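Student: Okay, handing you the structure first.
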């Protein structure tokens, strides 16, 4: 195929009534309460960009954004207009730079204190191996967070580009359909609160568990440890929220396309009127809409790839860290439960808190990745249900379908594996396998101890 | 529509006995009377209540069973290793969890299940319009066979275990009957799934068969035509064919053939280059097809009225292929919906199958070593019963996986048969249609998965069997090591008693003794024993 076969027949001029026709949104009539991406009440054609803007973009994830901005993980961008963000100002940039510097300094200090007896107080031992476990866990946490900071600092520009692309896309949707694509991102706030609570809880548990006076160094260590964990987790939630944003846009175009499928076209007419021309669209609009859909789909795929590129290193290290944490905590939990007579509620709670946090994060991540991937792949499947009579319509369909044959849309962890529901399954089956092995070793060890003690006395 | 309705029997008609048994056992809450009279699954409040009651009763009795048979276990717990105990506890309840999942899912889906079968009926009607006739009678036979197999397996396991391994002098032993309930209910539920899946597979196959039939009739049509043309050419081979000039003009237009080369070139396929480029690029097959490509346009023109082949009439066949494609898509969607309805039960069944298979084998090993095993798994004490249990459990899982795999294969085959149509009726216009539709078919995906965690296909089956093997190896190895360690300690302690001198040695290095002992005993025991 020659490179310029991918041409979509533009509709003829007379079929375009207006330069930007107000088309029918698959979500139905424009609803004011759904309008949160930008808070404007103006009609979309009123050329708002020149106006002074007082409503922030990405309103619905602003809580998580502000947390990330404050911690230097996200650039503190300037809002140029309703649909554009600009690079941060010098002072803000310096602030982010400064925060990152502090973080790295603290990390260095932490590593130093981990390898010197200063931190010995924190690692009271219930058994030798557990100490090693905790060490590795701490080191992994530090590694993950440092990586996150580095990658974020490097990807500042591409992050801004992605945001701008999303905003451009929204602008187009808004101009053409008058629809605001947004959803309730309450889950991000809930997760933020959950992370904060679990981290505080873990610190408190730890403080109670430490015997004797706690030195300031230990406090710093603990606090920084919690912050590292919390921010890494927050970044994961942020990635999920971004994916959700992409998912909503994919869903929008799929809904739009769904109006042309044979199932919807064959439905009786009066039902359509009753729904307020909601589902089935007129076939005459198909070339125009399909052009729009293809463009949107391509853009969205690019955004999706961009998001993936921005955070795949972070995801790999987070998944590794998470896997390790889940395994060790499950193991500890098991040891605690089966230990004869010395169940410590402190450690139980500690394990539970960790498990809850990591399992829910893993579930969130894999779920949002899986959903978005499925929605992105669904476009071709829905298009396959469009049965057009006219030859040129069929050609339009064929071109898209041909393009998407080998276009495997996936959200990968640095190319190592695709992240979706099956990843969750694989992680848990691996955890189970390790647990069985670990527990067996433990029992072997225990049976030796049990039997040799009476033998010696 | 009303004319075709009496012809298309609803699929549910074959489910009469199965529905009756399921209703009695409390698997489906739908209304019995309406099903009998009109073959529809409708919601029913009383059915729901009945089902809830059965669920509660089952759970109560099962717990009673665990309690009354668990006395030995409680005394065992002290001696048993913790892992065996925990696994045993988990295993005893997984059957119950599975049953609960089945029943609760059935309650949740009670409205949707009726819709699903209604959709199948509508798809059947559309298939019937395209002269795709389906025979549902073998489904009824399948249901009966499955029911008989289930009852046979359940009864043989139950009776054999009861007679051989349960102390039936106590009247409490009657409770053992309850141990068969979860698996029985689960199997009944899975029969619904399996048979519906099989029905879908049949529909896919019917579509494929229809397409194949189109190809066959067209081939016959072509052979007949060739015979016809051979006759004409043999009759007057010396002279150019005597068609009137009207037709000659048309041949040139349609096939780019001229009359002079037609008579000789038809067999040798020398007219290859005269076929239009698109068709040619698609058509790199054997000789016969190439010759067919030469002959086709002429034949279509001259003898369409004499012999019927639908493929010859492009506009008519386009309609038919379009419809078949839509039905294909609809069946794929039904498959997806069905998978959705049964996703949690299948997940729990697979988990159950994996665990029980591993556990049964592991306990069989334990029993041969005369180690204590959980009392609910007493069937593992007898190898024969174990074999029956294993084949029953694995049969269920493997059959479902196999059927899902076959169904998705059958759905993918439609594309191949569609292309056969395109190849046999070598026509530009039809090629375009076939290309268009096959692109669509490529995007009709029906993959059966358990909640998206893993797909049900042969690869998963391989993975699961690999998993079972590795777990067994790990478990048995550790068990062996623990046994040997224990024996070694016993001999060591007896030595200790006789020679008090050794005590001082162990005191000296009791910190590192555990690991050292482990290594030495595991290394030494085989040679001493």
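The backbone N, Cα and C atoms fix where each Cβ goes, and this holds for glycine too.
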Student: Among A:135-153, A:154-172, A:249-267, where does TrEMBL put the label transmembrane segment?
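Tutor: TrEMBL lists transmembrane segment for residues A:135-153.
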Student: Of A:51-70, A:71-90, A:191-210, A:271-290, which range does TrEMBL call transmembrane segment?
Tutor: A:191-210
Student: If TrEMBL is the reference, give me the range from A:97-115, A:116-134, A:382-400 marked as transmembrane segment.
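Tutor: Here TrEMBL associates transmembrane segment with the stretch A:97-115.
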Student: May I ask you to indicate which of A:347-365, A:404-422, A:423-441 is given in TrEMBL as transmembrane segment?
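Tutor: Of the candidate stretches, TrEMBL labels A:347-365 as transmembrane segment.
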Student: For the transmembrane segment (A:222-247), which stretch among A:97-115, A:135-153, A:191-210 has the most Cβ pairs under 8 A?
Tutor: A:191-210
Student: Taking the transmembrane segment (A:191-210) as reference, which of A:97-115, A:135-153, A:306-327, A:347-365 has the most Cβ pairs under 8 angstroms?
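Tutor: Highest pair count goes to A:347-365.
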